[in-house]
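The feature region 'Disordered' is assigned by TrEMBL to A:1-20, A:660-728. As annotated by TrEMBL, domain 'UvrD-like helicase ATP-binding' applies to A:26-305. According to TrEMBL, the feature ATP binding site maps to A:Ala47, A:Gly48, A:Pro49, A:Gly50, A:Ser51, A:Gly52, A:Lys53, A:Thr54. What TrEMBL lists as domain 'UvrD-like helicase C-terminal' is A:306-580. Look at TrEMBL and you will find A:688-698 tagged as compositional bias 'Basic and acidic residues'.
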Amino acid sequence: MRQIPIQREEPTSIDPDPEAEKRILDGLNERQREAVKATDGPVMIIAGPGSGKTRTLTHRIAYLLATGKAKPHEIIALTFTNKAAREMQERVQKLVGDQTKGMWVGTFHSSFARVLRIDGEKIGYSRDFSIYDTDDSKRIIKQQMNRLNVSTDDVSPRGIQNLISDAKNRMVSPEKYASVARGRAQDAAAKIYPAYEKALRKANAMDFDDLLLRPLELFDEHPDVLEKYQTRWKYVHIDEYQDTNHAQYMLARNLADAHDNLCVVGDDAQSIYAFRGADITNILSFEKDFPDATTVRLEQNYRSTGRILALADSIIKENDDQLDKELWTENDDGEYIALMESLSEKDEAKKIERRIRDLHVREGLSHGDFAVLYRTNAQSRPIEEALRKENVPYQVIGGTPFYQRKEIKDALAYLRLIVNPNDTANIQRVINYPTRGIGRKTQERLQNFANKHGFTLWQAIERVEDIDTLSTRAKNAVESFRFLIAKYASKAESMPADELAQEIIREAGLLSELRKDHTRENLMRWENVQDLVSGIADFVASSDDPSLSVFLQEIALMTSQDEEDDADQVTLMTLHASKGLEYPVVFVAGLEEGLFPLEMAAKEKQDLEEERRLFYVGATRAEEYLFLSWARSRYRYGDRETKTRSRFLDEINSDVVRTAGGGELDQKKNRFKSSSDGGSDSSNYDGVDPHYYRRNLRDGSGSGASNGKERKLKRIEQSSGGGRRVVYDEGQGEIVPGVRVEHSKFGEGKVQDVEGRGEKATAVVYFGSDIGNKKLKLKYARLRIIG
DNA sequence: GTTGGCGTATTTTTT
DNA sequence: ATACGCCAAC
């Protein structure tokens, strides 16, 4: 676990350093230098992938320091992730020496959480406010739905949460929202929204949106506070500007208003967070917003080979809404982009694993050079399994991050309560975990009492003796909980945060709960909780402000992308998480209709364009090798689904793509001229060479992997002959759509579809026009795989 | 008040 | 397939 370094506040200044200045400018090309030197007035750097965007921004900050144009405390840089902030901080330090104390570098969220810590009390938030993630917010929303009798028939809590978040992103107040809400879902959201806001405020809690909105409120209501920050920050920098939302835009405007020195960097073609409220018009209309802005375009790509860039260009050309940019590179053409086609997600995973091992052995690439990208987190599983099986080291970025695991959230809940007992959502989380006799009914009575008197849940707990509806037994149970929290709350000032954590976690019974039964999961959870404590110890040892409340706020803003990834491992992550990163070898997996582009996103043009930009982002992560992969079938909701190739594969520039067999990519747009067979049932297997699969296995240049695979196939054939072993066993020779099989009675056929698993698995097999489709129970049918 | 079983929705991406 | 919520039994 890592925390964001906190810099001291005292203004320090550094003398102009001509040597550093030279070093800073020497590391740049002409255009980049131009951007760095434009230190007066608004600047927009529009830059393609791999053009040294962040590098330019970093050098600009270093340049400001080295020339003495700005003192460290006069600079703020807002990044997209904490990790990017950390790296930028480190690089600036490297360029100008260690003199960056007082400079603010961080995400919008963490930077303005800090502002709120300093000045939030002016709008009614104590500095120990809790930060609520989506989970905590959902709890509040559910509770409010319950209280206000909003039925879940019309909308799910999640749906309401999204609607409210959207409204907040657009800075629509509850009152305003009530007047514009249309339809059942929005009406429901309009009812919940004000109650939700009130509940958050009462709990001294903020959700992610609040971390941007409350500072705006603060600036609005206290112009002196705004002025303080405006005068302080003479230079405002924003990275990944295309992904800022409206509130972030307003914050930027507010800060830049005094000095007009706003420098933004972005690429409209890489805008992939609209679903989260990112507003692409921020970057598209920058020049309108800041009429005297300097615009610099960085169009030379240093990252990728010519072919990768040509492919990327062909992807993005399909989109209509673009700022003009001509990407070019001096790099070699490089290898062809390889198209990989597989029969199933397991097959896909195996092929990816084999390619990785092959390149690792033959080209000497290290494991850290590889990244496997996919659209949804769920896709990591089969790939993980394939890599694990062959002992290829890997790491998965994302999924369920450390701090979101249940045991961690439970432990954190106790810690949050020490700091902020009014944090109702977290009381509810742990008031009866581990079970201490405070069940549903007691909690209900507590809540009723609180509602009746306008208390928070905690205030009700403090007055538990006065609640007539409770039995003595219940009162005692509640009292012991109250005592537990109060005891440590009073020690919070005097006791180091890590000791505090250790003790309350133990006394609350979390650790013994996890040791109750000795499953492997529980052991892991127990270790995770221990890791949390040592993480707090690290924080205490290294932070300028080692209070528990700061730790909790920072931890809430950490993301999977902030995890350490320095080890030499293959990296698995979503396409979203890959933004800003680069790897010599990149696989984009799961290029299938319905998956990428995602089914829901394929309907609206806007959404489809975002998916396409996502594909563009993924492809441009690659430096040397790019693999595009899709599978003919995939498990979803426990059923095997037949898939067709993604439309994206029909759009790309086929000149730079080669299939696994070395052939050209057969695209829909080319099909008309070459073949006229098309005909019936065209959705099935056009262009599939039935021998492709096995030939490829043999082509594996005699490496252990392909031999292993062949062995497995043989074993299947033998066993089916013997009739004892089941042939549908996953991961052996799979019976999946597209496979050719032989049946003792019907002869040769091709599997069309497979349903069910295990004993119940059935396959639809087409045995030619005479026999047609047959539905067979795999358990009895004894199908033999022949290709 | 707690536990276990069954039915249902769920997977888009994330600060 | 799995996690969660709701209901019935202990």
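Easy rule for this one: first residue shown is 1, then count along the chain.
Every residue, even glycine, has its Cβ placed from backbone N, Cα and C.
Because TrEMBL annotations are produced automatically, they should be read as predictions rather than curated entries.
DSSP gives A:Gly50 (ATP binding site) a coil state; it is part of no helix or strand. Take the mean position of the Cβ atoms of A:Ala47, A:Gly48, A:Pro49, A:Gly50, A:Ser51, A:Gly52, A:Lys53, A:Thr54, the recorded ATP site; other residues of that chain with a Cβ within 8 Å of it are A:Arg55, A:Thr56, A:Asp267, A:Leu298, A:Asn301, A:Tyr302, A:Arg303. Sequence-distant contacts of A:Ala47 (ATP binding site), defined by Cβ-Cβ distance under 8 angstroms and a gap of at least six in the same chain, are A:Lys53, A:Thr56, A:Val265, A:Gly266, A:Asp267, A:Arg297, A:Leu298, A:Glu299. For the binding-site residues listed here (A:Gly48, A:Gly50), the lowest count of other CB atoms within 10 A around the CB belongs to A:Gly50. Here the Cβ of A:Thr54 (ATP binding site) has 19 other Cβ atoms within 10 Å, regardless of which shown protein chain they belong to. Listed binding-site residues: A:Pro49, A:Gly52; maximum Cβ neighbour count within 10 Å falls on A:Pro49. Cβ neighbours of A:Ser51 (ATP binding site) (same chain, under 8 Å, six or more residues apart in sequence): A:Leu298, A:Glu299, A:Gln300, A:Asn301, A:Tyr302, A:Leu327. Around the Cβ of A:Lys53 (ATP binding site), the number of neighbouring Cβ atoms within 10 Å comes to 23.
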